[in-house]
Amino acid sequence: MGKSILNSDTLKLANFLPFKNPNTLKWLYAPSKEAIYFSLRTILASFLAVAISLWMELDSPRWALMTVWITAQTTSGETIIKAQSRVAGTIVGVIAGIVLPALFPQQPVLFYIGLALWVGACAWLGSLVRSATNYGYVLAGYTAALVGLTATSNPNAVFMMGMARGSYIILGVLCLSVVERFFAVSMNQKSKKTLYNNLDTAVTGSLAIAVDVLKGDEQAASRVQKVFMAVSAFQSSLEFRKVELLHDTDHTVDHVHAALSSVSLVLTRLTHLNVCLQNLPKDEVYQKISLEISTYLKQLTASLDQQDKFDDQLKILNTLRWECRQIITDYVYYDSIAQSEDGEKDQVSLLDHRILYRALSGLLAEIEKLLTQYQAAHNPPKADKFRFKSVPMCNFKVAWGNALRTLIVVLFGCFLWEITAWDQFPTIIGLFCVACGRLSVFENGYMMCVGVYKGALWGCVAAGILNMTLLAQASTIEMLCLSLFVPLFIGGLMNYNLSTRAIGLGYSVFFPYVLIWGNQAKINEIQYFNTSLAMIVGVGMCTFAFYFIFPYSPPKVRQQIRHRLVNSIRSLAKITQLPNPRRWVLSTMEWFVYLMRQFNAAKDAALLQQYNHGAVGVMSIGLNMLQIRKMIDHDVLSENIKNELRDVMQHIADFGGEKYEKTLIVTKEAIQRLREYEATEENLARRLEIGVAIACLMFIYHALEKNVEFLNLSA
């Protein structure tokens, strides 16, 4: 059970204001030009939908107005994708709304169960698929509920009701799409500029951290969280940028995706280099080459947005990388000629030097790949067939929670309707499905449900004032539009402002629903109060469901994500088909960012830092495990060394509780034995490969040792 929301603090009038602090009304009296532009173009689209629906003499034109505001988004690409998915969801929902009553004639219980299962399944899909198209799934659910429940009083008219509902929605979508396209002047160029600016921010952020790590700043690696979050937010918007680029025929977005994956790997490589700098000796040669690399990265960062081609930069980078490789080769040679007892001691330190330079070389190699993709994003090759397939983040627990929550409340509402026979219950259940569907597509509907309810209440109040005053006297389309302009404009500003977005969502969606207007409609107080009561109960049921049925708990969600991250590295030791390292890191990064959003930075600072280091440790362990698994599958290493590596992998697959300490001991002992093998190995290729294995085990051991509280699920 969740915490009670029915207490004196919650019921204060101030809590229902469309803002947290009455003094912070800047979004209203000093909105940004982007917010004004968004509100005006959405109002124009809604007025166009109103005019056409009245001209066509549709019986319920408010649905066209609602559709415009439900579909409208702050970016053109997101609006276009959502409009397309809304049309597809409407068609599927109308078909389901017609088929369900036909499947269960004169069998209300079976109809209720079938409807609840359909709406729950759509909520499950909409919650699972985190993209702009997910709204089409939930729309298919609540459209079927609106059509099917409305037709219960007259089943013979279900087809006409379905066609009418589909007509309103498609009309609203078409009007919004036309206006969006009309005002999307130079959309391609603007979107490309935004795309490149965001990419520059991600790349320069990672390079700046690299410079700090090379300087010896031990805290620099802990700042990767901000860059990870920026990369994740940027990555989630690429779907919309692709539409704004007119479907990206030159695959610019694919190259940007690949560049972002390289940014993630650069940040992970930096954690490896940071471990080496803290635990391994550094000689004068390192001081010299690290200074050269730092100077190069500073110059690259300063001139990044001023270059079209990076051939010269790539040559310099390749030279620095080969310098590191040459140093590694020299140290291998020195090891081979060392014969004395003092030389044996030197062998250990030279191996450590080689590990350090290998980490540095790996970082430079990843930066080289990053620059290659960065250049391809700015100057796509002709006849480019490059594709980057990312793995979507699917949270099954959230999806099942939303599905079961919707299923339970729909069945409960149908039960109340059956025993009370209140004629407003079909409307209540339909509006509940609308509200639940809208909240299910968000990452955390729990945090938004109260805001949506507040917005619905204020929309009800605003609509009541209009119904009793201006709309009662409106007899022309001009008067109607003038009456609606101010409340819709305020709703648009609330929608654009991040802090009031939840309230704006409830306001702009449900405000049109309780308006009474039409070609033959006049003020009807009874209709307004009945509709308002149904809306308040329906949206209130949604808020109640999100609070008390599978309620959101930040500590619980954090534990779930933590378990998922830890189990992801356990599975890498067992699975036969290894994932692509870039896609694995990118997918893990998304979960890492999702985890960071579950914290209050002011209240949970210490725990936030612990989870931050732990999640970065997961990425480090996973990347090195993938490298070790590949080494085991190849034929370079001898079988006894492979067995050492297999033993470590097996212990990582089972670590937890008392086994966690055993895993640390086994990993440390494996490092010592591999050092002994490396010192006596005569085959050069095998010796180099053993050095790579030792480096991977060192990074794994360091991450396991420093993140016991996060990685040990039994602690």
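Any Cβ shown, glycine's included, is placed from N, Cα and C.
Small disclaimer: the values here were computed from a predicted structure and weren't measured.
Quick look at what TrEMBL annotates:
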- 35-56: transmembrane segment (TRANSMEM)
- 87-104: transmembrane segment (TRANSMEM)
- 110-129: transmembrane segment (TRANSMEM)
- 136-154: transmembrane segment (TRANSMEM)
- 166-184: transmembrane segment (TRANSMEM)
- 398-419: transmembrane segment (TRANSMEM)
- 425-441: transmembrane segment (TRANSMEM)
- 453-471: transmembrane segment (TRANSMEM)
- 503-520: transmembrane segment (TRANSMEM)
- 526-550: transmembrane segment (TRANSMEM)
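By the Cβ criterion (distance under 8 Å, sequence gap of 6 or more), the transmembrane segment (398-419) is counted as touching the transmembrane segment (526-550), at least 3 such pairs being found. It is 87-104 that, among the stretches 87-104, 453-471, 526-550, forms the most Cβ pairs under 8 Å with the transmembrane segment (166-184). Within its own chain, the transmembrane segment (136-154) has Cβ neighbours under 8 Å at 85-86, 88-90, 92-94, 96-98, 100-101, 108, 111, 115, 118-123, 125-126, 129, 161-162, 165-166, 169, 406, 410, 423, 426, 429-430, 433-434, 436-438, 440-441, counting only residues six or more beyond its boundaries. Residues 70, 119, 122-123, 126-127, 134-135, 138-139, 141-142, 145-146, 149-150, 152-153, 402, 405-406, 409-410, 413-414, 416-417, 448-449, 452, 456, 505-506, 509-510, 513, 531, 534-535, 537-539, 541-543, 545-546 of the same chain lie 6 or more positions beyond the ends of the transmembrane segment (425-441) yet place their CB under 8 Å from a CB of it.
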